[in-house]
Amino acid sequence: MCGIVGAVSQRNIVPILIQGLQRLEYRGYDSCGVAVHQGGELRRARSTSRVAELNEMVAVDGVEGLVGIAHTRWATHGVPAVHNAHPHFSHGTGHEAKSAKAGRIALVHNGIIENHDELRADLKARGYAFTSQTDTEVIAHLVDSLYDGDLFDAVERAIAHLKGAYAIAVFCRDEPLRVIGAREGSPLVLGVGVGENFLASDAMALAGVTDQIVYLEEGDVVDLQQGKYWITAKGEDGAARSRVERPVKTVHAHSGAAELGPYRHYMQKEIFEQPRAIGDTLEGIEGITPELFGDGAAEVFANVDKVLILACGTSSYSGMTAKYWLESIAKIPAQVEIASEYRYRDSVPDPRTLIVTITQSGETADTLAALKHARSLGMTNTLTVCNVSTSAMVRECKLAYITRAGAEIGVASTKAFTTQLAGLFLLTLTLAKTRGHLSAEQEADHLKAMRHLPVALQAVLALEPQVIAWAEDFASKENALFLGRGLHYPIALEGALKLKEISYIHAEAYPAGELKHGPLALVTSAMPVVTVAPNDALLEKLKSNMQEVRARGGQLYVFADGDTRIESDSGVHVIRMPEHYGALSPILHVVPLQLLAYHTACARGTDVDKPRNLAKSVTVE
Ligand code: AGP
């Protein structure tokens with residue numbers, strides 16, 4: 001993960017670097033730092049607090065310059081501490097911003113260098129002193145060791161020694177108006193300005209600075225100077241590197257700096273935005289047609305007879321929900337795989353598979369790698385359901401459905417999940433129609449129910465006060481079980497993930513029928529058991545499972561559809577949802593689980609939008 005910004009300009013670039021970091025904090029927030037070329041030396045400021053504090057540090061220390069790089073870190077190698085914070089200097093000896101003398105090379109990095117141990121041993125043997133546990137410092141020393149007056153040349157030579165994934169930005173004390181960037185496996189964009197050029201992990205970091213963006217490709221190295229830049233690409237099959245032109249795109253990136261309005265946290269705001277987000281995602285859809293997924297979709301859909309969904313975390317749970325829809329409505333075999341597992345396992349490829357990736361960010365390293373793996377196995381019919389139209393995933397897939405959730409800032413995914421479900425339901429209907437399993441009447445009914453979702457969601461959001469009362473009970477718990485069946489089992493999984501992610505309460509989800517095969521042993525009066533209870537075909541089975549919990553003294557917290565006739569009783573707490581919403585019910589049932597996690601976390605006083613150890617966008621494997 002981690003976020004990078006770099007700049008070469010004719011004005012002081014520190015405010016731009018700091019603003020960029022603020023917009024990239026979603027990529028990690030264990031520490032942050034900035035380095036500039038100032039007074040003929042490298043100067044830096046680093047902090048294990050948030051970017052706002054770094055901003056104060058640079059103001060107090062008078063850190064400014066025409067050239068600089070900055071970084072926000074999600075720790076991989078080495079604990080979150082100032083000495084591990086980027087930028088790293090070659091020959092670094094812990095000199096901080098006020099120091100007159102520091103190293104020669106300044107470098108920031110996003111990714112993981114797999115052979116850092118060997119490189120470190122070699123560099124140590126050559127006299128380089130290390131001040132951090134990071135793999136990044138190794139690259140700084142490596143570039144230094146290869147530097148012979150031309151930084152671009154040193155970086156090109158250095159990356160030939162690196163194994164793993166990286167995006168880097170580097171500058172050198174001895175070449176004051178130059179920043180070099182390179183990428184392999186981690187995202188990096190070039191922002192082209194007038195008399196100035198920039199680097200960033202995401203175009204969003206440069207919103208308002210420049211909208212002229214070059215998406216660097218794997219293996220690219222870029223040389224940024226005040227009024228010019230150039231790029232070299234790696235040669236095919238061992239051929240020498242050569243200069244390339246990459247298209248400059250006009251990107252209207254959103255700064256992501258959404259106002260909180262009346263909300264306490266972005267997560268709460270984003271939960272309450274769901275009626276709008278679903279409305280926007282479905283806007284303008286008059287009928288079910290393959291073109292909703294892009295040009296050429298009809299041909300792709302006609303050539304597939306199974307679906308393989310690849311995703312991580314919350315996005316994998318929307319995929320699991322879609323599997324139920326795809327098999328029951330479109331009658332197409334569907335499989336869901338966790339991207340980080342799929343990419344490394346032996347599987348049996350079938351070229352008539354539609355590969356569907358699901359990702360809010362479109363930058364998740366595991367999901368991107370899983371897509372590439374599927375393609376390398378000959379499965380080239382690819383589609384993504386993604387929230388970021390400019391992302392690597394959208395660029396990599398043949399077809400796309402762009403959800404219109406808007407920027408999601410809270411680390412815990414909420415509106416991205418429900419809008420993914422909306423996109424995946426449309427995909428289900430489209431494949432059903434293509435395969436002759438959707439009558440005109442069914443199509444009209446489904447579309448009507450989809451259009452009504454924003455209103456139905458408002459009714460569920462109105463349950464917030466009742467959920468807050470439950471959250472007060474949950475705040476003192478250390479464990480919770482979530483139960484669901486069928487289409488709502490993935491919703492139970494998502495509810496458990498939300499709770500553990502932001503409240504740090506250990507939570508597990510099970511298909512309710514599986515309880516008696518083991519987890520029932522955990523049930524005591526101290527164990528809250530959250531039950532997702534829609535009025536569907538499995539309701540009677542679910543009620544029996546609830547009895548199994550009550551018989552062991554477990555406390556049931558049931559989100560029951562209004563028409564289920566499940567009543568509150570001793571040890572049975574019920575929040576009554578609206579009436580059953582048919583196939584789209586998961587979109588409603590996940591919302592009170594999001595609210596429960598949110599209010600429990602608030603009651604425990606955790607950092608809701610930036611939970612410990614996590615980051616919004618997981619760009620390392
Ligand atoms: C969920 O709340 C998460 N923070 C996480 O599981 C997330 O869904 C996962 O990392 C996948 O991200 P993506 O959708 O951007 O690919």
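First residue shown is number 1, and so on along the chain.
Every residue, even glycine, has its Cβ placed from backbone N, Cα and C.
In TrEMBL, annotation is done automatically, which means it is predicted and not curated.
Keep in mind that what you see is a predicted model, and the values were worked out from it rather than measured.
For C2 (active site, nucleophile), other Cβ atoms within 10 Å of its Cβ number 28. In three-state terms derived from DSSP, C2 (active site, nucleophile) belongs to neither a helical nor a strand segment and is classed as coil. Feature annotation from TrEMBL assigns active site, nucleophile to C2.
Averaged across the domain 'Glutamine amidotransferase type-2' (2-227), pLDDT for the predicted model comes to 91. What TrEMBL lists as domain 'Glutamine amidotransferase type-2' is 2-227.
Here TrEMBL flags 297-437 (among others) as domain 'SIS'.
If you look up TrEMBL, you'll see 470-611 (among others) marked as domain 'SIS'.
There are 24 other CB atoms within 10 A of the CB of K616 (active site, for Fru-6P isomerization activity), with all protein chains counted. Taken from TrEMBL, the feature active site, for Fru-6P isomerization activity applies to K616.
If you measure from the Cα atom of K616 (active site, for Fru-6P isomerization activity) to that of C2 (active site, nucleophile), you get 10 Å.
DSSP gives K616 (active site, for Fru-6P isomerization activity) a coil state; it is part of no helix or strand.
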